[in-house]
Amino acid sequence: MDWSLIISILLNCLYAGASALDEDCPTLDDGDNLSQTQLLDRLTHGCRYDRLERPITYSETGQRLPVDVYMRAYIYFMQNLEAHDLQFKIYALLQMRYLDPRLNFRNVSPKRRQPILGEEHLRNSLWMPHIFLANERDSSILGLTEKDILTSISPDGTVIVSNRIKATLYCWLNLKKFPFDEQHCSTVLESWMYNTSELVLHWEQKRPITYDGALHLTEFVLQRSWSNETVINADLSDLRHGAFAGNYSSLSFTVHLTRVVGFYLMDYFLPSMLIVAISWVSFWLQADQAPPRITLGTSTLLTFITLASAQGKTLPKVSYIKVSEVWFLGCTIFIFGSMVEFAFVNTIWRRKKSVPVKKLNSKHILKSTLSPNLLRRRSHARSRSFSGTALQKAADTGSLGGGGFNNYLTVNLPITTIKEGQVMDQQRTSRGVQKMDVNFVESAFGSVGAAHSSGAISTASSSQTLTNNNRTDSAGHQEEIDLSGWTTLTPQEIAMWIDSRARFVFPLSFLVFNLFFWTFVYCI
């Protein structure tokens, strides 16, 4: 047996096996002479690197440690909040940083001090922590021909991945003080696959959230922002993390936005104030001018409703009352109140009977206007009571009942009493004031009682003057001034009096309403 032949065959087999082994797991020797692509291919070769497995590190006690991922966000554009959809859009650069010891090439290529840079292809060959936006409606990575992804691997194995993204995020708005509201909208980042025992998210220590200096919102002002780190406890009732229960690391940053009210002041509040003021013009029109006052009232009310509905179309239909709706209700009440005031004074203007008024002040005028029949009956009762008492006193002091003569002549004439020393109006006298003739009384009583009748009538005539009030106006009745102080006002006078008071009451009430409204808006 030729042992030399057998040995040579074995050596050739060993050499072939070693060569095949080298081809399956390329060596990292002489890494300084390798190109960047060659070095990355050898570092991420399947014999050394598994992109489905996270980096594994151990503590000094041999405990398996989670991967620490540090995040940073740069916001360079933010779109206004879309209130009807409860969402907002951001354009941002998200950057994550973590350590992967398997990609450490400091000992392999000591002369290579610069990080290795790549784009989407490099990122796809590495293990990446799966981070998602928990409150997103839609998101995507921006890019024209390729996705805007930048991947950097430092010599110590630190991996930095930057993505330029566009995201539409939900923001649950609180519109109770709209349009004087302040909103807090958050962006929430969470780990999708790994719980806190495998991966923990952190914000960078220095400036984790930065904003572009040219960032500007048309409807809001960015007041401030803050970041937060927390842990989300997911169970089977919350499938946001798939079907896995556990504690998941979460990051969030919140922006505090204040709405700019200049647009709403110029396009809603000031015009609505002018519309309410225009509705008060009807108080200077006469109460019987129904066509212009009705046209003015309805046109102002419809104009204001159209104005309010135009600005309310962009808002969601919420169940609670907003500040803008309080303003809408207040202005609507004032405009509607001016129309109700016209209907009231027009009804009074068309009355045919005068209204008795005890005193010329607001309380008694309104009371008499609202219940004219009751007060008219009271006025008649007092007038009749006073007239009967005065006539009885006149009869008692005369000589008709003093000398035993009991035959009286009853004269049923309507009488009106006046105060002592009061001169009856000349016009009233010309309408038929008739004085009782002494001779007429003498002829009625006869010659026996002529002397007594003459004395009695003379005494009564000196104390009271009996008149006949046969006035027939359009209503058939007009009240007189009696000793209790009652007087009368025509319906037209009452209507004009109410209009004159409304010219001051409505603006003053609207001023008080504005005082309370703006105090609530800015002070509460």
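Using N, Cα and C of the backbone, Cβ positions are placed for all residues, glycine too.
Note: TrEMBL annotation is automatic and uncurated.
According to TrEMBL, the domain 'Neurotransmitter-gated ion-channel ligand-binding' annotation covers 36-259.
The domain 'Neurotransmitter-gated ion-channel transmembrane' annotation in TrEMBL covers 270-518.
The annotation signal peptide is assigned in TrEMBL to 1-20.
Under the heading transmembrane segment, TrEMBL lists 268-287 (among others).
Residues 83-84, 264, 267-268, 271-272, 275-276, 278-279, 281-282, 285, 324, 328, 331-332, 335-336, 338-339, 342 of the same chain lie 6+ residues outside the transmembrane segment (294-314) yet bring a C-beta within less than 8 angstroms of a C-beta in it. Per TrEMBL, the feature transmembrane segment maps to 294-314 (among others).
Taken from TrEMBL, the feature transmembrane segment covers 326-349 (among others).
Residues or ranges marked as transmembrane segment in TrEMBL: 504-522 (among others).
Taking the domain 'Neurotransmitter-gated ion-channel ligand-binding' (36-259) as a whole, pLDDT averages 90 in the prediction. If one looks beyond the transmembrane segment (268-287) by at least 6 residues along the same chain, the residues whose Cβ comes under 8 Å of a Cβ in the stretch are 179, 293, 296-297, 300-301, 303-304, 307-308, 311, 324, 327, 331, 334-335, 338-339, 341-342, 345-346, 348-349, 492, 495-496, 499-500, 502-503, 506-507, 510.
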